[in-house]
Amino acid sequence: VSASKFARVWIPDPEEVWKSAELLKDYKPGDKVLLLHLEEGKDLEYRLDPKTKELPHLRNPDILVGENDLTALSYLHEPAVLHNLRVRFIDSKLIYTYCGIVLVAINPYEQLPIYGEDIINAYSGQNMGDMDPHIFAVAEEAYKQMARDERNQSIIVSGESGAGKTVSAKYAMRYFATVSGSASEANVEEKVLASNPIMESIGNAKTTRNDNSSRFGKYIEIGFDKRYRIIGANMRTYLLEKSRVVFQAEEERNYHIFYQLCASAKLPEFKMLRLGNADDFNYTQQGGSPVIEGVDDAKEMAHTRQACTLLGISESHQMGIFRILAGILHLGNVGFTSRDADSCTIPPKHEPLCIFCDLMGVDYEEMCHWLCHRKLATATETYIKPISKLQATNARDALAKHIYAKLFNWIVDNVNQALHSAVKQHSFIGVLDIYGFETFEINSFEQFCINYANEKLQQQFNMHVFKLEQEEYMKEQIPWTLIDFYDNQPCINLIESKLGILDLLDEECKMPKGTDDTWAQKLYNTHLNKCTLFEKPRLSNKAFIIQHFADKVEYQCEGFLEKNKDTVFEEQIKVLKSSKFKMLPELFQDDEKAISPTSATSSGRTPLTRIPAKPTKGRPGQMAKEHKKTVGHQFRNSLHLLMETLNATTPHYVRCIKPNDFKFPFTFDEKRAVQQLRACGVLETIRISAAGFPSRWTYQEFFSRYRVLMKQKDVLSDRKQTCKNVLEKLILDKDKYQFGKTKIFFRAGQVAYLEKLRADKLRAACIRIQKTIRGWLLRKKYLRMRKAAITVQRYVRGYQARCYAKFLRRTKAATIIQKYWRMFVVCRRYKIRRAATIVLQSYLRGFLARNRYRKILREHKAVIIQKRVRGWLARTHYKRSMHAIIYLQCCFRRMMAKRELKKLKIEARSVERYKKLHIGMENKIMQLQRKVDEQNKDYKCLVEKLTNLEGIYNSETEKLRSDLERLQLSEEEAKVATGRVLSLQEEIAKLRKDLEQTRSEKKCIEERADQYKQETEQLVSNLKEENTLLKQEKEALNHRIVEQAKEMTETMEKKLVEETKQLELDLNDERLRYQNLLNEFSRLEERYDDLKEEMTLMVHVPKPGHRRTDSTHSSNESEYTFSSEIAEMEDIPSRTEEPSEKKVPLDMSLFLKLQKRVTELEQEKQVMQDELDRKEEQVLRSKAKVHSTARGALCPFQQSFPYEKSAPEVTAPGAPAYRVLMEQLTSVSEELDVRKEEVLILRSQLVSQKEAIHPKNTMTDSTILLEDVQKMKDKGEIAQAYIGLKETNRSSALDYRELNEDGELWLVYEGLKQANRLLESQLQSQKRSHENEAEALRGEIQSLKEENNRQQQLLAQNLQLPPEARIEASLQHEITRLTNENLDLMEQLEKQDKTVRKLKKQLKVFAKKIGELEVGQMENISPGQIIDEPIRPVNIPRKEKDFQGMLEYKKEDEQKLVKNLILELKPRGVAVNLIPGLPAYILFMCVRHADYLNDDQKVRSLLTSTINSIKKVLKKRGDDFETVSFWLSNTCRFLHCLKQYSGEEGFMKHNTSRQNEHCLTNFDLAEYRQVLSDLAIQIYQQLVRVLENILQPMIVSGMLEHETIQGVSGVKPTGLRKRTSSIADEGTYTLDSILRQLNSFHSVMCQHGMDPELIKQVVKQMFYIVGAITLNNLLLRKDMCSWSKGMQIRYNVSQLEEWLRDKNLMNSGAKETLEPLIQAAQLLQVKKKTDDDAEAICSMCNALTTAQIVKVLNLYTPVNEFEERVSVSFIRTIQMRLRDRKDSPQLLMDAKHIFPVTFPFNPSSLALETIQIPASLGLGFISRV
């Protein structure tokens, strides 16, 4: 079946190691060739091995590729392992993979974001198989097993140089440090981590394979106490590569510390070391690569020094270390000169040696001598021998190596001392970071030791794997068959047994003349041809080959003896021991007892001179024996100790793989990977697993996965029996599987066979489904087509019938048309002919008639012409005659007229110009002329009369004479006028001269004017041109301004939105920061309390017998009186203007913006006006209430009076309240007269009683009272003070009511007093108000006048302006006016607020003073004394008590109150039986009473005790959700009460009048409100932690693992690391468990009366925790990233949303917190192929970061074969599209994040006076007031 056609196989390949191919033909037994088709597209004939005839390895199904555990693969072999690792590493970017118990880690050569603290928290507490492979998972498993099994653990990290061993070990230690924490305050975990930079600097170096290669092995034991917290650590080191100190290969470096010193040489403290560049020293310049790319040695030096300081290495010791290291560098520069072949010298005053001696504090001459000489000892004597230059150089290098090794051991010892703990170690976890198997071109002693260590570790590993397999089989009770596995004990025996390689090496070192060649011959003689694992190279006699478990390695014998002996001259050591530098001799203190672990003595040619010249007896043998320990012997002993330690612990294996030799990121070299997989034992693990039953399934998982292979009748209630029955049918060979107790074990390949059967069954089912669906679809399509065809036929036939009918109709119509058309044509032809005939006749007849007419007309016209011509001739003759006559007349008249004209011209020439110049004079002259003419006429008339009547009228002679005289007089006057005319003529001549002069001047002026006009016109034309240009520029500027305004508006709007968002984010961040600080403060406070308790327990040793003392709750009061800088933003919302309105440029002058501004200012004005009106209405309502209640009794009037005092104005005399009071005044004035005498008697009796009781006190008190009253000048103030006195001490008034029986006298007296005082105060205030009103009206009239004048001026100015400027000016004026009005209104508002505050303060002062006096007086009068007095004229009855919502308690009962109400209160009983928030109401009512008494100490003490007690309760029962919820609810209610009854107007909006009366009167508790708010924040954070602890175990199981929709997701095969089953059983959580828990949380919070807004915030936080933990686990679990799991998650989220809808919490923001999880589920379900899919994913997943999207796509794993994997190209497309997105690089969500909490003000409608205190609370000692 396996070798059938289309089967996929692996075939060997020299380049890719293994290639995939597909069979083109079935294999038949006996075939020698397989026809294969490669994935590249080529066909190949693959020849089988004729000896073994083994078939190629089969490939696993694609569904199994990329598994987390290699043992989950059905076919377990090398190509399958290699392919799985490559797919995970290259395609999915996953560097960790399990291989049974081994974690395979491939070095990515790139920083990955998978080691943060969030990842550590995600892996903490998880089962190893539940999460994706990770070094943290191994560390967690070790930590968990240590705690569970009480057994020490080891993590063995191995691999090649550069594979990442050190980094893996470092991350494992970081995990332990983060998860466990330290048991003390010494920060041991930081010290453990700080040891890494120190050990890396002195033990790591750059090699050709790794920039930070560890050149030593180390085993770090991290110690834990009984609570499994880190208490210390211890480090053991192995085989430091000392040769690197004096020699480095090409492209390599010495140890990092030397280069760090050289890079820091310029530091002032390092000047004494006289260092320079690394190239200046022989020991650091040999490799030619002193710099590592991307590494700053100076910064690394600072980190090293910082780590030394943290580990307690003092500055002096640090400088000592650096001196020794610098001395080693200078020692390397010491040069030798040869004298001859056997001796050498050092130049005198050699600078490097001088510096070395100065730094080491030794004598120069002595050191110079012993560097060139050595001491030889024989049995009888010793002598000194010079040495050659080569020997001297080797001795110098040996000394340098020895000093460095000693310094290395000293630093390790000091690090261990710093990490050592005085606390007893309970257990430990060891981390072994040791070199992996090494093979180079030239392998020497170091490689031999390294490979020897790896042989031992591999043996231990094989035994452990074998043991685990055996335990698993025995546990499941299946037959155990011995598995053959590679045992490398023969190889170990070859190395370490008697006469083994190490034994022979040590023996050769003891020989006087032993050499590497002689040792090689001994090896050949001993082991060649006797041990199969030992071989000799063909072409060499100085090398040998060992067959290790990983590979054959050829070792060169040269240098083995020298490195094993590690020779150093004793005389040089003695010189160093005699150093004045104290630290140097410390390094060699252990030399007196034994040699260091890394050095040994030898005898023969180069004996060490550690034995004295004259040894004492017994001493030489002992010392010689001890000194014979060689390096190999030391290493073998330390390796045995290590193996003993590892065998005593539970090991965990991490195998680091180097993917390529070029350090390219995410590049996989198959050849190198296979070599390392073979070397590290991973393939051996696979082989052991494959030899047995590698695939293991639980019965439930098998049933769930392969249910499709079963028939309904096969399914039984017993899952185990069902699986057995099915397997017997499916797999006939019973050896291929075994049934265990809880699991089914399968041989290799059986799961693949079952997967094939399952896929075939599903494929057949799919084909059937497809067949059915396709048939149904085709039938549906046929029916639709048939129906469509019938419909088409029907319509076509109908169309044809309609067309035929239409044809018939058209034929008939055509016939009719033809008939009528032919008739029409004939008719038209006839009519045309007839018309033509008529026209011809008419034209002919007309022609004849016209001819006759013309003839008659000509005759008639000829007669007329004759008549006209004759008449014309007659008229012409007459006209000529008349013209001649007239002409003659005209000539004569013209002649006469010319004569007359000449006369007139002569006359006119004299006065004509005068007339023009002097019009007035001309008029006068005309008048005179007229007079003269009239006189002449009269004279003529008289002359005529005289001549005519001279003879007739003789009687009139006298009369005529008189007329003559008169005429003479007129003549004289005419003469005078003639004189005047002459004078006028002279004046005219003068004026003519002036006229000429004026003309000349006028001409000049006209010339100038013309010139000026031309210039002006030119200027005007220029100005017009400029104006045109300016207008164009103006229009362009206006256009630009408009555009800029638009752009600026848009920019400002965007900026405003961004700034608003940023401000919201900043506000949330600030809130979060503040609340985190509170959290930290509470944590430190708890820590402080714990330390305090510990100190108390340490100081006071408990004695026998426990005596319980009452707890005191006092604390530092100043702790709670601070005011926070962060205001509660949600308490009083304040209006703020948008910044964009303020930033509008003033030079724009845009009408719309100004109009908008005006509108906003008007709105602001309206708001302020409304505020002012509201205040006035409030004042009026309070007055009306006062006056309406004044009709009744006096008490209601006193209760409403505080409203009156808050407003100084009162109503006008015509107001209803005023009339009521006036009527009351008139009605009681008569009663006042009647009762006046009785009142006087009563007052005298009261005074006499007081004097009789305490005369002295009374006099003093009354004097004080009189002084205080005299200070109150205003009667209104006295009335208010008295009312305040009645409010504060009403009980004293009740005592007076006992003075008379009916109490009527007292009530009347009190009523009259109150009425009088009230009316007086009202009259005075009314008078003041009228005066003020009149003054205000006068001022208003004046201001209106001024405003009118200003408006007129502005109007006049505006009328002169152009239209645009007029609009702008009017708008500017309107803005100014509205601004001034706003300012005025604000001033009025401020004045009113100031007045209210001032009156409140005055009232408090007066009430306090009078209250103290009245209380002092009344306390001195006891009721008994009053009764014993002989005079009892009155008795005032006691009314039913009116409770004021206060609770009174004694000071000494405070602790009892706190104890019963807080410390011992059980939330469950209170929540069920009593009103929510009852403790808060009771506490507030107690605070009210203390405020009422004005007792600040009592208020402070009660509040402090309350806060401390709540903290104590939460500390004691802080893990109980009900308790924390209960006190969060009560703390918030207490806070709301303090706000609601604070008297601040912002909090009194929703109060009733009765509640407003209950406001605090004496104290401002704003600071305590802040403290309570901080306490509420701390309780909220504790509540979140509690619910997180409750929910966390449920979330992963309920949201991810449990199959809410059964059968959607199938369980894939798993490996050795079994994951948590997704099948629900009794112990697992489901989604219903989460919903039930959410219901429980919600019901508890509702029962406790928690604010709805606060419940919404808690629910939002809960849903965030659910979403974050679910998403984080999804991102770390490859097995959860599938299509079916996305469906499960979306269904689960829909159930949570349904829960929110049921609880009316959809607007809480909880659903939005699940958005990342929803999008991740959608991402699992959407198509992931094309570019359109990529675009859809990028737009859909806006709540996920780029790292999360890519991670989900990388982890996406098909559960069934029908699903397709996500291609690498698609993931790259997604990354390219998201590269511009700016989001966090963090992979996981912060599951510990707590949203900032706010406590919106929520006033209570509950009346305090109605609250009853139940007896169950045990508060009988408090009383209601």
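Glycine is treated like the rest: Cβ placed from N, Cα and C.
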Legend entry - Stretch carrying coiled coil according to TrEMBL (options 1151-1185, 1606-1640): 1151-1185
Legend entry - region 'Disordered' according to TrEMBL, located in which of 594-626, 1320-1352: 594-626
Inset, instruction - Tally every other Cβ atom lying within 10 Å of the Cβ atom of THR166 (ATP binding site). - result: 24
Inset, instruction - Using DSSP, break the region 'Actin-binding' (639-661) down into helix, strand and coil residues and give each count. - result: 9 helix, 8 strand, 6 coil
Legend entry - Helix, strand and coil residues within the domain 'Myosin N-terminal SH3-like' (4-56) as assigned by DSSP: 0 helix, 24 strand, 29 coil
Legend entry - Fewest other C-beta atoms within 10 angstroms, as judged across GLY159, GLY162, which are the binding-site residues: GLY162
Inset, instruction - Within 10 Å of each Cβ, count the other Cβ atoms, then let me know which of the binding-site residues SER161, ALA163 comes out lowest. - result: SER161
Inset, instruction - Specify all same-chain residues, apart from the site residues GLY159, GLU160, SER161, GLY162, ALA163, GLY164, LYS165, THR166, whose Cβ lies within 8 angstroms of the center of the Cβ atoms of the ATP site, ordered by sequence. - result: ASN107, ASN210, SER213, SER214, GLY436, CYS656, LYS658
